[in-house]
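Asks: What follows is a structure written as structure tokens; I'll ask about it next.
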């Protein structure tokens, strides 16, 4: 009995630590969305990482609610649902019409339709509570592990370019620590569904830190990339319980005129005609493009 109490106490301690670190992880994109708010444009940012994170938080929150003894899992994923919803709402508000429609389609397909399907299957098809917990837990594991394609892509990019520009050591370190906290939480709760994704997260985080130490003094220049990638770099974020995100972070300032061409309606860009000479005088005419 004493061992069980000790295990629950340790689970509580690691759960608290996991909550603190994950709380900071969820707030990592705040500078991104402050930039979006100030510029009234989503620029080259995408909604996919935030929608995937919201979907993950919804699944883990549902899992924690039916499991009934995972309060610390409820707290962090409730916070995650609120924060990611705010991020997505701001993205909808400032995205172009085309990007907004695309993001809304993804939101309806993944966070409404797919989540509703999982909800109905686990609630109406699977009747017994223990089996519900087991089925939903393995669904969470499968989805959490599957999205590790993103950090693997960043690892491949670092090896290819021999540059750690896209993989800050500090972020990789704290995310690895987060994986350790949640792994220990799952271990002491004897919940393999919580522990497994964080084993993968720990291994990938450790790999990222090793690569950083190997390539941090490399003199290799990153290969040339397109203009949108020059403006932004991809930061891999392991969310609580093994879900990964790619948060774009500004790397350099963008020329206002080129930004207008890339992100704004063409009607906002004036067209300068070639100078003409008439009666010994030079004329330069600025005209707006014709609207259809």
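Yeah, the Cβs are placed from backbone N, Cα and C, and that goes for glycine too.
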Asks: Checking the topology in Swiss-Prot: do residue 7 and residue 217 fall on a common side of the membrane?
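Replies: Each on a different face of the membrane, per the record.
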Asks: Could you give the residue numbers and ranges of same-chain residues that sit at least 6 residues beyond the transmembrane segment (106-126) on either side and whose C-beta is under 8 angstroms from one of its C-beta atoms?
Replies: 47-48, 51-52, 54-55, 58-59, 62, 66, 88, 132, 135-136, 139
